[in-house]
Amino acid sequence: MDRTEPDDELLQTIVTQTAGCGSILLAYSGGLDSSVLLHLLVTVRQRSGQTIRAAYIHHGLNPLADSWAEHCRQQCERWQVPFSSLAVTVEAQNGGIEAAARTARYQALQVHLKEGETLLTAQHLDDQSETFLLALKRGSGPAGLSAMAANSFLGHHRLVRPLLGFSRLQLEAYAQRHQLRWIEDDSNQDERFDRNFLRRQILPRLTQRWPHFPSAVARSAELCAEQEQLLDELLEESLRTLRQPDGALSIDGLVPLSPVRRFALLRRWLAQQGATMPARDQLQRLWDEVAASRRDAEPILQLNQMQIRRFRQHLYLLPLMPSLKDRVLPWQPTSCPLSLPDNLGTLLLADSGVAVRAPKNGETVSIRFSTSGTVHIVGRAHGRQIKKLWQELGVPPWWRDRTPLLFYNEQLIAAVGRFVTREGQVREHQPLWHIVWERN
């Protein structure tokens with residue numbers, strides 16, 4: 001492929017940004033930006049020795065998506081780049097269709113990445129300005145105003161955006177010099193979407209008045225990112241002290257801190273666990289309604305597809321969990337293991353472990369996840385209400401209706417892995433079972 005002098009800066013940036021990347025997966029939409037990036041990668045491939053693959057994400061949102069995927073396939077075939085088209089389902093949540101599509105896109109790419117492979121995406125300088133202004137509109141702090149990082153991670157894989165220092169005009173000029181063909185997505189004209197409105201109505205006027213506006217925004221984003229990195233370093237030791245081996249966060253350790261420091265630590269705790277960054281009012285609710293609620297409460301705060309719970313003066317970030325209270329699972333343990341719902345694992349008979357009496361003739365076996373009333377367990381003289389018993393055994397509230405309960409007819413025999421009731425106790429010369437819960 002021919003090279004001209006104006007290409008040198010772009011090519012050198014690609015070489016520098018992808019140094020050490022033996023294998024690369026390009027997120028390839030067929031648009032201008034990713035078409036330029038693919039051409040650049042193919043240009044430097046001969047001397048770099050890098051392995052390049054490309055993946056098109058089929059969102060199913062545009063009737064032309066099939067033809068776009070075919071365009072991408074043909075272009076990759078021409079340049080001898082292995083190609084995949086990945087179909088995703090976009091389910092709009094509170095963040096809207098744009099955010100949902102982005103989430104689905106990155107999830108698909110993360111699954112598609114091979115061991116040791118680096119993901120490249122083609123966002124440019126103007127995209128950075130849009131991202132910054134959208135964060136400003138939301139009232140984001142330095143983390144949000146950091147916009148997009150040139151180097152970050154997607155799971156355990158490096159994520160590199162090598163074109164962030166170049167404008168769309170520069171990429172367009174490159175594409176025209178090399179007579180590239182690319183797709184124009186008609187949805188990019190729809191100004192109902194905030195990003196398109198900024199791109200078409202706001203940024204051109206700002207750049208016309210102040211030509212260096214995108215570069216200035218990029219510098220501000222970098223400064224915000226530096227401030228966030230500094231805070232990460234300064235708060236690292238405090239967070240390590242407050243965080244427990246199971247990921248829970250100590251509430252008592254947060255109480256004496258100033259609200260500013262407390263919220264900074266909460267944000268970093270959530271970020272470390274992969275949660276979407278909460279708005280300021282959500283952080284305040286987290287503290288007021290969950291952390292600082294009365295001691296006997298069992299508060300819950302939903303944060304997108306996660307929930308924050310409190311137990312024994314610690315905060316836990318958990319996935320949303322469907323209730324299993326009404327589930328009744330018939331079981332014949334001697335015939336086969338029992339697969340539990342919601343990926344909870346398997347129950348099976350074993351040669352060792354906690355023993356319960358085998359059922360008598362006429363007793364049917366079932367697994368349930370809820371019971372009520374007073375329970376008498378082996379090793380205790382007096383019965384306890386089941387809620388009190390769970391508390392005394394240190395079982396977190398979210399496990400109390402997800403722990404398999406063994407019933408014979410309507411009689412509670414055991415909470416598998418937790419306790420055996422007097423009704424399930426093995427008497428002398430009685431046949432017995434060892435039931436084991438293998439969790440996923």
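Cβ from N, Cα, C; glycine included.
So that you can see what the record holds, here are the features copied from Swiss-Prot:
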BINDING   S29, G30, G31, L32, D33, S34  ATP binding site
When neighbour density is defined as the number of other C-beta atoms within 10 angstroms of a residue's C-beta, which of the binding-site residues G30, G31 has the lowest density?
G31
Can you list, in sequence order, the residues of the same chain other than S29, G30, G31, L32, D33, S34 whose CB lies within 8 Å of the CB centroid of the ATP site?
Y28, S35, V36, A122, W182, I183
Cβ contacts within 10 Å for S34 (ATP binding site), all chains included, total 24
Counting across all protein chains shown, how many other Cβ atoms sit within 10 Å of the Cβ of D33 (ATP binding site)?
23
Within 10 Å of its Cβ, which one of these binding-site residues (S29, L32) has the largest number of other Cβ atoms?
S29
